[in-house]
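Inspection log for the structure reproduced underneath, given as structure tokens.
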Amino acid sequence: MHGSNQSRVSEFLLLGISESPEQQRILFWMFLSMYMVTVVGNVLIILAISFDPRLHTPMYFFLANLSFTDLFFVTNTIPKMLVSLQSQNKAISYAGCLTQLYFLVSLVALDNLILATMAYDRYVAICRPLHYTTAMSPGLCILLLTLCWALSVLYGLTHTLLMTRVTFCGSRKIHYIFCEMYVLLRLACSNTQVNHMVLIATGCFIFLTPLGFMIMSYVRIVRTILQIPSVTGKYKAFSTCASHLAVVSLFYGTLGMVYLQPLQTYSMKDSVATVMYAVVTPMMNPFIYSLRNKDMHGALGRLLLGKAFQRLT
């Protein structure tokens with residue numbers, strides 16, 4: 001398409017899941033409730049880990065950062081969606097859309113990398129317990145987290161800067177709850193071949209490589225657990241990994257529902273899957289990690305009830 005027929009878009013319209021006023025009112029209260037639960041749950045996790053010396057270990061250090069990432073992630077998308085549902089003002093500026101896209105892409109990548117780092121922590125704790133203190137030193141934990149942040153920022157910047165090269169014309173309606181990369185590429189009227197190539201190349205590196213690493217880690221973890229003679233020992237070792245496995249399964253399961261398909265087939269029906277990984281997963285993570293974790297139960301009890309909880313226990 002010739003440049004004379006192209007126009008520089010100034011804003012997009014986030015139409016969300018439904019355009020029905022009745023359904024929008026229901027969606028507003030539903031997403032507001034989910035957002036509040038997500039914020040409270042993740043903030044409690046962060047505070048409990050921060051103020052309880054017993055949780056100052058590598059596993060909980062990474063868990064606190066995972067909760068922070070989830071908290072930042074939902075704050076990047078849900079408040080704008082709530083404003084749109086309540087005010088009926090669906091417009092989001094071009095700059096606002098790209099900003100939302102940047103944080104969305106970066107934080108999803110960061111979530112993924114932190115989960116991979118947590119898998120390594122569980123591998124060392126179970127397969128090399130005698131070397132755990134030295135292998136997972138505070139310096140290494142900070143280095144691993146810094147690397148996760150650096151890769152995520154670079155990943156987000158790469159795709160956001162490439163999106164600035166894309167020209168949009170015609171329809172500016174986004175039938176989604178936020179500015180999502182696949183949807184924006186479908187609205188483009190310029191050549192997006194470079195975006196697709198970079199998306200595939202970087203996506204394989206930033207998502208499939210950590211997934212492969214997690215699979216290999218858990219293969220070794222399972223082998224080690226099976227060699228433990230007592231049933232109690234096996235259960236105790238597996239219980240330290242169960243929460244992480246549940247979060248990884250939820251994260252990749254919902255992410256795969258959205259992205260493991262051709263760009264051409266990406267449609268409005270995928271909004272449900274998008275809500276799952278963008279809203280439900282960050283909300284469920286605190287519950288998954290605290291549900292069967294006695295250390296977390298104790299830390300949350302001491303945080304919320306203080307000395308009264310200590311007397312009860």
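A Cβ is built for glycine as well, from the same backbone N, Cα and C atoms used for every other residue.
The annotation domain 'G-protein coupled receptors family 1 profile' is assigned in TrEMBL to 41-289.
Per TrEMBL, transmembrane segment is recorded for 26-48 (among others).
Look at TrEMBL and you will find 60-79 (among others) tagged as transmembrane segment. Beyond its flanks by at least six residues, the transmembrane segment (60-79) meets 31, 34-35, 38-39, 42-43, 45-46, 49-50, 100, 103-104, 107-108, 110-111, 114-115, 117-118, 121, 141, 145, 177-178, 247, 278-279, 281-283, 285-286, 289, 295 of its own chain at Cβ-Cβ distances under 8 Å.
The transmembrane segment annotation in TrEMBL covers 91-114 (among others).
Sequence annotations record features per position, and here TrEMBL assigns transmembrane segment to 135-157 (among others).
According to TrEMBL, the feature transmembrane segment maps to 194-216 (among others).
Residues or ranges marked as transmembrane segment in TrEMBL: 237-260 (among others).
Residues or ranges marked as transmembrane segment in TrEMBL: 272-291 (among others).
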(request) Given the cut-off of 8 Å on Cβ pairs that are 6 or more apart in sequence, determine whether the transmembrane segment (26-48) and the transmembrane segment (237-260) share at least 3 such pairs. (result) no
(request) Determine which residues of the chain contact the transmembrane segment (91-114) at the Cβ level, with the cut-off under 8 Å and only residues 6 or more beyond its ends counted. (result) 8-14, 62, 65-66, 69-70, 72-73, 76-77, 80, 84, 145, 147-149, 151-153, 155-157, 159-160, 163-164, 178-181, 184, 206-207, 210-211, 251, 255, 277-278
(message) Give the mean pLDDT for the domain 'G-protein coupled receptors family 1 profile' (41-289) on the 0 to 100 scale.
(response) 86
(message) Cβ under 8 Å, sequence separation of at least 6 from the ends of the transmembrane segment (194-216): give me the contacting residues as numbers and ranges.
(response) 109, 112-113, 115-116, 119-120, 151-152, 155, 158-159, 162-163, 165-166, 181, 185, 248, 252, 255, 259, 263
